[in-house]
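Since the structure comes first, as structure tokens, the remarks are kept for the end.
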Amino acid sequence: MGSKSPEGHRQAPHASNCNELKPANPDPQISQNGSGSADLDRGVIGDDDDDEDAEENGVNTETPNVGKLNQPPFPNLDQVHVTTTDGLCITEKKKKRKKSNKKKKKTKSGALPATELKQTSPPRVLVSTLFPSEYPVGELVPYDCTARTTDEELRYNSRLWDDDFLPDYRQAAEIHRQVRQYAQKELIKPGATLLSIAEGIEDGVRALSGHQGLEPGDFFKAGMGFPTGLCLNHIAAHWTPNPREKDVILDKGDVLKVDFGVHVNGRIVDSAFTVAFDDKYDNLLTAVREATNTGIKHAGVDARMSDIGAAIQEVMESYEVEIDGKVFPVKAIRNITGHDILRYHIHGGKQIPFIKNNNQDKMEEGEVYAIETFGSTGRGFLDDDVGVYGYGRNENMSGANLRLSSAKSLLKTIDASFGSIVFSRRYLERLGVKNYLLGMKNLIDNGIVECYSPLVDVKGSYTAQFEHTILLHSGGKEVISRGDDY
């Protein structure tokens, strides 16, 4: 989810291989490729399974000893010739192995063990059930200036991050991967309504996290990190379907940005991708994807925001795209930025512009960042559009002086159900809240709630976005949201 700069306040990359990095809380048994290696991570495939298969095919899995018959497999013969230790050759009937009729053991509840489970479509199996011990690690990228992570650095990281930090983030990332990959395969198709896509994504996140967010306090345990952004063409960011608005239907000529967040105990994973069905947009998507990967490459402890922004702009603006016979330069959008992420706050205090700038802020060890870029065939500058994307609570403002009863009641619901996490009108109505517009206006007028509008470039232009969340370890960065798709 892009952060507005102070001035303005089906193409996917393959993850690259990298050297192994020792993270703050090392999990050496876990795959670095996310859900793509889930079966191996959960132990579905292993040496024991190979032995059992061999035995079923008549293969002797024991090591031959002196004095024993050497019995190679002969699956199509009734007799085998064997040689004893004294040199005699004899013929024996091949013994037939009885087929095992053992049934798979079930749990007390009658279900198959967790190691036998697969994700469903639509995704409804809890990620915590699929990964009962540890969650997959993101892509680990060591810093160029270090060869190893010292024990002292590991102890320092352990003080920065509590014991739940990495498990929470990795669980949120795995939920994001599984839901978005389902969306890419089953939901995002020409003719689909944007409302059906948004609801499909959000239903998947709630199902895999195990928290529907309908009871007071449940939303704070896990769920959506912010409303699903579904932005078409010149709409770059912050658009989501609202209740009782006309359905928007996805067309095969559209360029769709999909941006959603997942949180577990307030640890928010923010990741986005762009989908286009017409290959004439390929260069636009490639430019933005490569710019995001460039930002990730340059990110790290002590990296300056100015240097990252300059590198992003250089890569993105080296591309041009031909659309319907006209050539457009790809421009880095200059008044929206990447950002750091704090607990229960999608936007922290630091920003990463996509252009060359004078921001001398540095990244620090233990921080979490959303590295994202937006590219456009238009002006490369965004304006607020009509409509509402969502709302965010201003924690610095008290509601003690509110006079309107509807505003007081609505604020109580917001504090109990969302806290500082951005929410949409659909989320309010899902809780059964009605007639809230007047109360919401009063909260906005008093500075207690901030309203977010869609951000657009000029009509007729096309915009694209790619984004990943990274964690800054001592010896390297973990691209926590990296997957096989991008």
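Keep in mind that glycine also has a Cβ here, set from the backbone N, Cα and C atoms.
Cβ neighbours of H238 (substrate binding site) (same chain, under 8 Å, six or more residues apart in sequence): M1, G2, G229, C231, Y389, G390, Y452, S453, P454, L455. If you look up Swiss-Prot, you'll see H238, H347 marked as substrate binding site.
The divalent metal cation 1 binding site annotation in Swiss-Prot covers D259, D270, E467 and is backed by sequence analysis. According to DSSP, E467 (divalent metal cation 1 binding site) sits within a strand segment.
For E372 (divalent metal cation 2 binding site), the same-chain residues 6+ apart in sequence whose C-beta sits under 8 angstroms from its C-beta are G2, D270, A272, T292, G295, G338, Q465, F466, E467, H468. A strand conformation is recorded for E372 (divalent metal cation 2 binding site) in the three-state DSSP classification. If you look up Swiss-Prot, you'll see D270, H339, E372, E467 marked as divalent metal cation 2 binding site.
Residues or ranges marked as compositional bias 'Basic and acidic residues' by Swiss-Prot: 1-10.
The compositional bias 'Acidic residues' annotation in Swiss-Prot covers 46-56.
Here Swiss-Prot flags 93-108 as compositional bias 'Basic residues'.
What Swiss-Prot lists as region 'Disordered' is 1-120.
The divalent metal cation 2 site is defined by D270, H339, E372, E467, and by the 8 Å test on Cβ atoms against their centroid, the other residues of the chain that qualify are M1, G2, S3, D259, S271, A272, G338, Y369, A370, I371, H468, T469. All chains included, 27 other C-beta atoms sit within 10 angstroms of the C-beta of D259 (divalent metal cation 1 binding site). Across the fold, the C-alpha of H339 (divalent metal cation 2 binding site) and the C-alpha of H347 (substrate binding site) stand 6 Å from each other. Listed binding-site residues: H339, H347. The one with the lowest count of other Cβ atoms within 10 Å of its Cβ is H347. The highest number of surrounding Cβ atoms within 10 Å, among the binding-site residues D270, E467, is found at D270. Recorded residues D259 (divalent metal cation 1 binding site) and H347 (substrate binding site) have their alpha carbons 14 Å apart, per Cα-Cα distance. Under the DSSP three-state reduction, D270 (divalent metal cation 1 binding site) is assigned to strand.
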